[in-house]
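Enquirer: Have a look at the structure that comes next, please.
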């Protein structure tokens, strides 16, 4: 059994309520851990136990390996046990297990030592042994064991010699019934005493020689009679002096591992070693104590308890050497002394307990005061007064969820966002120009049949062209509906109807629509005319009830219309319904009885059905060859960008080092110019003497002074030339420094371009959130991915969504937070305090930040002392320029669109707005292939 912190791991037993449910509610759902067989009532208990088993803190009890999880330790123990039991001699196992059963031995090492000494010279029938005959060793198998009573009777041994021809057919021999080596009993009995009763050296063994042992270094393999091979196959009579066991099958270390794997012992003092029940049953070992054994074990336990009690009493005071009968007064005095000793001992224990509690209290205070190393787990970080004074926000700004399109219908916004992201990211292989999320929203809401929406037509057409390359089954939707009808008929139920249309009517309408969808040209120049019918054909060959659960509902709405005489009067959506959310709530007629065309019926299809169709087609398109090739191309380009980034950074570092050198040279030149040069006029003439006798000397002095002036002028001219050369060198160094500075600026701009390109290509491989906050909410920014750009021509900012989205924590992350029980403030209370009731998001919930001010407050709320929020803040800071520019650009576009209807409004006439000037209607697909 694996151990954790030197204690065996005890498996969790089923609770009383589960045991009662076995009788009252046997069909109750439970959580079953198949590796251990444990059963749990709740998922939290199951996950907590599984998390405990996954910790790297378990140890294999057999090998001693540590740092394993529970399952690795269990596998290691099983592997070692299989190896051990395959090596250990099988006939020796029951004898050893019988010998150790109910033995009271303190340490396992002492038990192993006693067993080894008793069995090292004793062999059993069927054992594989080594026989030494005149220096030549043979492998053999014990055939017959003769107890000491046969040691002097050679004739009796020969009489039991097996007949080679009919040994198996003869009657059982008496020697086979006798049990050899009757040495069971107390292992504390000395080996000499045991051998005196049953001497192993008086045993004789008939051994069948099976093979010749050869060393790896043995070169005598000629097969001559002198090598001893002629003895192989013969039956020899030997004693234990010539016999031995292979060290790989019997040694103290192997024996220790075998006993430790097969026996167990309670933690109480003087508890006996007992063989595990399953192993005892397998090898025929008695599992219940006999009365004599029980009395012996109880006596040993009592002796151990008395011994410990005596040691404890000796610590208080040694007994008198002479034990005399005490008088009544002496007894009273002895009782008083005993009470005094007990009282003093109790006071000593109380003092020790108080000292221990004080030490624990001091240690706990030191542990609390121990400084925390940041960053750490986000939920362990709490704002202090100092942080609040520094400007950090306690409460997160509440993101809006009502501003998200279609968010009032569960799951629709997420499908809508996923579909738009796929179409934009893989715009290049789909031949589709990028468009914003707002344009896609308005296109989904478009209902005017007289003014077709190019964006809707292009999106559906490109997906239809792509799905032509994905394998499909003809009429899979029809077959799926017919199979459902047959299944209901087999169960005795009537056919299902939806809005008054049964399976046969729907199948007949489907068979007449979109049959040649994979060959019908949907030309861009013709406005993709016929894409609605091709859509029906695509769904008919790709969809089934399993992969598209809403298939029947949507196909019925696309192929059938209500009877005009039965349709109740209701408000028709206006031409500007692309901005009117009432489309989503338009009531659907109760019965559809007239066969119609998809082109006429698509405008009445609710937005959730339109998004469901696109989401289904996108999920199929992921497996297409064009998308896979694009992913592989992105991976190759990412590798090339990584290499280029390394080279560019290396060049930038080299330029920076050269600029530092040039800057140092320029500083040295500036210092040299400040040094004052010697003026040749400082060399003064030697004054002439008034004495005429000194005239010759004065002429000589004047000549010498003239020479000095000439030399000084020459040195000064050289110094000036050197200074001019130095100044020219400084100017050249500064010019080179400016040139390198410009190169570094170019490199930095290239690095920024590489980062943008890297983000685009990475979006074509996988889309990941920017990060998570302290409560595991995921932050998404979708701009600049795939075929979209962050910067347009002329450096203008571009956007796709122009917002920061927040997705609630996953169910796993939420369960992880709820398992935190050591916090002073529960996580749920903390979420209410820091997020607010409106800002708390659950699994599958979405919200958005559409304003830079809200996003600034959100960045201020993020605490960089936590791992997740530090990484999130760094990621948002890295792209902050583009994030804020995209948000501002989107707000400008929305404000401009809001002003256009006011400018066109007339005071006298009320004219419906011209939707052809809407942004989503002005979108054109510049990547369309005109030939198709």
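Cβ coordinates are placed from backbone N, Cα and C, and glycine is handled just like the others.
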Enquirer: Which one of these stretches, 603-630, 631-658, 715-742, 743-770, shows up in TrEMBL as coiled coil?
Expert: 631-658
Enquirer: Taking 260-283, 284-307, 308-331, 332-355 as the choices, which stretch does TrEMBL tie to region 'Disordered'?
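Expert: From TrEMBL, the annotated region 'Disordered' range turns out to be 308-331.
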Enquirer: Among 563-591, 795-823, 824-852, find the range that TrEMBL records as region 'Disordered'.
Expert: 563-591
Enquirer: When DSSP states are grouped into helix, strand and coil, how many residues of the domain 'WAC' (28-137) land in each?
Expert: 51 helix, 18 strand, 41 coil
Enquirer: Taking residues 6+ outside the coiled coil (631-658), which of them lie with a CB under 8 Å of any CB in it?
Expert: 736, 740, 743-744, 747-748, 750-751, 754, 757-758, 761-762, 764-765
Enquirer: What is the three-state DSSP composition of the domain 'DDT' (410-473), stated as helix, strand and coil residue counts?
Expert: 41 helix, 0 strand, 23 coil
Enquirer: Kindly state the mean pLDDT of the domain 'WAC' (28-137) in the predicted structure.
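Expert: Computed over the domain 'WAC' (28-137), the mean pLDDT is 87 on the 0 to 100 scale.
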